[in-house]
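S.K.: Below is a structure I'd like to ask you about.
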Amino acid sequence: MLVSYNWLKDYVDLDLSAAELADKITKSGIEVEIVESLNKGITGVVVGHVLECVQHPNADKLRVCKVDLGEEEPVQIVCGAPNVAAGQKVPVAKVGAVLPGNFKIKKAKLRGEASNGMICSLTELGVEGKLVPKEYSSGIFVMPSDAEIGSDALAYLNLDDYVLELGLTPNRADCLNMLGVAYEVAAILNEELRLPEVQVEASGEKASDYVSVAVDAKEDNPYYGAMIIKNITIAPSPLWMQNRLIAAGIRPINNVVDITNYVLLEYGQPLHAFDYDRLGSKEILVRRAKDGEEMVTLDNAKRKLGTNHLVITNGKEPVAVAGVMGGATSEVQDDTTTVLLEAAYFEGIRVRAASKDLGLRSEASSRYEKGIDRNRVYDAAYRAASLMAQYAGGEVAQGVVEAGERLVSEGKAEVTQTRINTLLGTEIEGEQISDILKRLRFEFDVQGENYIVTVPTRRPDITIDADLVEEVGRIYGYDRIPTTYLLSEGRPGGLTPYQAARRKVMRYMEGTGLYQAVTYALTTTEKSNAFTFSEEQENVHSIKVSHPMSEERSTLRSTLIPQLLEVLKHNHHRSIDDVGIFEISSVFFAHEQSLSVLPEEKTYLSGALTGLWSIHPWQGEKKKIDFFVVKGILEGLFEELGLHSRITFEIESLPGMHPGRTAVMKLDSIVVGFIGQIHPGTQKEWDLNESYVFELDLDQLLGASVEPTVYQTLPRFPSITRDIAVVVDQNLPAGDLNTVIHEAGGELLKESSLFDLYEGERMEEGKKSLAFSLKYYDPERTLTDEEVTKAHENILRSLEERFGASLRK
Amino acid sequence: MQDRLQALKEEALLKIQQASDLKALQDIKVSYLGKKGPITEVLKGMGKLSPEERPVVGAYANEVRDAITSALELKISELEQAVIEEKLKKESIDVTLPGRPVRKGNAHPLTAVIEEIEDLFLTMGFTVAEGPEVETDYYNFEALNLPKDHPARDMQDSFFITEDILLRTQTSPVQARTMEKHHGRGPVKIISPGKVYRRDDDDATHSHQFMQIEGLVVDENVRLSDLKGVLETFAKKMFGEERKIRLRPSFFPFTEPSVEMDISCFKCGGKGCSICKHTGWIEILGAGMVHPNVLEMAGFDSKKYTGFAFGMGPERIAMLKYGIDDIRHFYTNDLRFLKQFKKA
Ligand SMILES: [Zn+2]
């Protein structure tokens, strides 16, 4: 809502600047987003009287004018506007004047003729082109003949005004009109409120002789009123009205249309003026449109209507889409003499349906949608009729032809002084409460400490005690509410074990050198499940949003990896090729085609790594990221979570992954994630370098019960370490060997670690050699050489039996 | 005999002094103090001396032996020291060469901001509550006093999956779920961070996915003045002790009265600058007293219980705090962006 500061002065005395007013309104609950000065830096523009206007001797399109600026001598000005003529009062920028954009007016010579100033158009004075009345859109602005020569033209044009742009929340539709704002401002400033005085002198004729009104859709249109104003002369509306419409962002058209718009702005009541003689009948029938019914609207567009839309008809065909736009045939034109003025209450839902379907949003439709004050319909209609009598020479026929209930009863709301003070934490006196309710112009009864308020229909947002608490609080002033601390006994706060563990995982991942990424949950259907590591994941359905804004953001993901690859790609395209990132986010699984219950949500920990891992160039150190770098990171994580000994890695071929360099990770026997190299084909599709990824079901990991840490006594006896190197088949996993070593080593074997892997030329084809360092220890005594040898030989024998391993010589 | 010993001593000491390496010293030791050395030779002739002379010469011989031994030891340690120094000199390095980098990542700036806020409220006795990102219409809207045809639903155009299931547009459904779990008994004191989704075109200031943090306190006798106290504590800890706060009336369907909280600009201190759009104030969060309908729907007696709720955007706070000008940076994850928040 755009509020003219000058216009507001009609209703409330304002002894403060526009900026100060804006600050007070903001503090009391309606945010003033912008205070705009209509003077865009103009100085030196006065009212001039064109005394003489002749053709320029050397230029077809220029005129040479003598203009009286109220100074001793008239000045000569060369003007290019086609509509300049002798006898006009016009805005003139004198020599030395400044126009918007810091445009300075200087003495000039145009094609040999001296020009001492400039006659201005409205756009040259800073008015937006689309708001300039049509007749002046390609020329200078012509002012009323009574404008005083030499006086400041800005005042005449209301360019000394300020416009306050209100950011209205949905509950304050009452401030979508000047009177509503005036009520608000009067309450805030504790000032008197002057409402417009409306007097209509009706002629002898009755409106009901002209037209009958019927409504066939009461639930959409509870009230419809029509007035008849005849003997109208269509002309421009008075300058002050045009100025106010322009300030509110509405282009002046003619007196009748301007008056309906003006009253809309003033009362918030949409009105429509039909040319009575072009209605095509003497009846108004409001009904739902028929399926496929058509009409041409004011903007000359053919509109196809449906049963969801409400129309005004002449009994046969639609003449307006209710609350949205009038029809072209019954539009007020220059020769219109009799006007049928519609003042109705349409339900917002019905108006919204049409304005949405037809793509037409207007000042009127948006007000119906947000809710208007039904009890103001009459006031607005009479106000418009009286203005038409005054400014369009109209005669108002007696009465309003109407259908439906015009008035609704006012609601009641109650609140006690105690409730106000306990909810706000204040000590507001009863007298102050009464005073505030009076300032808001609410009628109320006081019974003890109970306030029974009759809520005016302009404020439908007030229904319960809390609403009244807010009204009292905001006028009292939120800055006067004290600062206190919660009375209730505080229990200690804290993170849940899961939340604490999740933070620990984040810190660990960061500590390994990975950066945390946060990516979008919505992606393409294809990417949403591009990576899976268990059958359960493959058997789920895509979760698509019903009207996606783009395919790129259409489906909820069930893997984080595609978005992480996007991040690698983004960085790769900027020559950032050494990247390690992780993300902890939700993924979504639907176990049914069409969701009847919420989908399953899990938290995944995923990562993507590419490029070099450790780089220390001047010492010649450069280590590429490979499978084992990533595996090492995860092994560290499992250790951190106390799960290390329960996790196994098993080679697996998974979609999009390198078949020989990908493993699933099992916790006990349950698959909890995967790790591996992106398949070279996938890598090429994504335009990446060699990349590695992992994905883990974090909920499973953090949900696993972990044995508490128990201290192990430090060794008191020496341990014995022996190495063992065996030759086995090349494709035998080292992990399998290790398992058997531990089985066979028995109690005494405490640790085994792989320290050498050889697959080179000196090895028989298809074989490899693995060397382990084995540590034997008994906490109770010193081991003898014989015991260790026995255990060691047992291991060798088992390896031989199980894998055909031979001792490497 | 004594003269002979005297001469040997002087001769040996001179040789020791002139020795330049450990090998020479070893030779000196062997030749003078060894079993076949001259001092031993001298002592062998002691039998020829009178009983009176013997102890005198014996003592002197020991004196000479000791003098040579200690001179030898001193010289050896001098030479060893020199060798060590020579070695260390050769080992000297250029300490200005770059060190071996330790890989260290960091949290995403939004995580950093969220954890900072969480920690701040944890110390005030709050717990962290979380809930699903895909929600029912009931928890996302209806339980929050936003029935199906409420115009305020337009304020948050949503991604619906079915008629009844949508991506949550706010973290408030967590509040509704948490209150329900309390079965009408207070106190409730939670903070709920998380991702939310709205149908916005992504640009410098809008993102279809973003974060929210909301807080909720429900108990007997909770007042708007208490909300002011909590928010003031938060503002001062988050943005500096000298911050002032200002509450302005506003509107949210789930609170009544509703307020917006501004803080005095941390850039200009309130004088007016580009960050605060020359008003001296920066809008930080929305809040209010929990609407009685919301309390009642969650099973609380709104006559007995009152509460307050507040909500803010971690992106906005991070943008203000670090001077970030484009919200899309948070979701693009350019490494040059992420790396800037090491100490965040
Ligand atoms: Zn500032």
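Note: Cβ is positioned from N, Cα and C throughout, glycine not excepted.
Quick paste of what TrEMBL says about this protein:
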BINDING   A:Asp461, A:Asp467, A:Glu470, A:Glu471  Mg(2+) binding site
DOMAIN    A:39-154  domain 'TRNA-binding'
DOMAIN    A:408-483  domain 'B5'
DOMAIN    A:715-808  domain 'FDX-ACB'
S.K.: Identify which of the following binding-site residues, namely A:Asp461, A:Asp467, A:Glu470, A:Glu471, place a Cβ less than 6 Å away from any atom of ligand 1, and list them by sequence position.
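M.R.: Among A:Asp461, A:Asp467, A:Glu470, A:Glu471, near ligand 1: none.
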S.K.: Sort out for me which one of A:Asp467, A:Glu470 has the most neighbouring CB atoms within 10 A, since those are the binding-site residues we care about.
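M.R.: In terms of Cβ crowding, the pick is A:Glu470.
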S.K.: Which of the three DSSP-derived classes (helix, strand, coil) applies to A:Glu470 (Mg(2+) binding site)?
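M.R.: Note: A:Glu470 (Mg(2+) binding site) is helical by DSSP.
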S.K.: I'd like to know which of these binding-site residues, A:Asp461, A:Glu471, is least surrounded, judged by other CB atoms within 10 A.
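M.R.: Looking at the binding-site residues A:Asp461, A:Glu471, the Cβ with the fewest others within 10 Å is that of A:Asp461.
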S.K.: Can you tell me the mean pLDDT for the domain 'FDX-ACB' (A:715-808)?
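M.R.: Per the prediction, mean pLDDT sits at 90 for the domain 'FDX-ACB' (A:715-808).
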S.K.: With DSSP, how much of the domain 'FDX-ACB' (A:715-808) is helix, how much strand and how much coil, in residues?
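M.R.: Tallying H, G and I as helix, E and B as strand, the rest coil: 31 helix, 32 strand, 31 coil.
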S.K.: Across the domain 'B5' (A:408-483), what are the DSSP residue counts per state (helix, strand, coil)?
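M.R.: Summed by class, the stretch gives 33 helix, 17 strand, 26 coil.
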S.K.: For the domain 'TRNA-binding' (A:39-154), how many residues does DSSP put in helix, in strand and in coil?
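M.R.: Secondary-structure breakdown of the domain 'TRNA-binding' (A:39-154): 11 helix, 47 strand, 58 coil.
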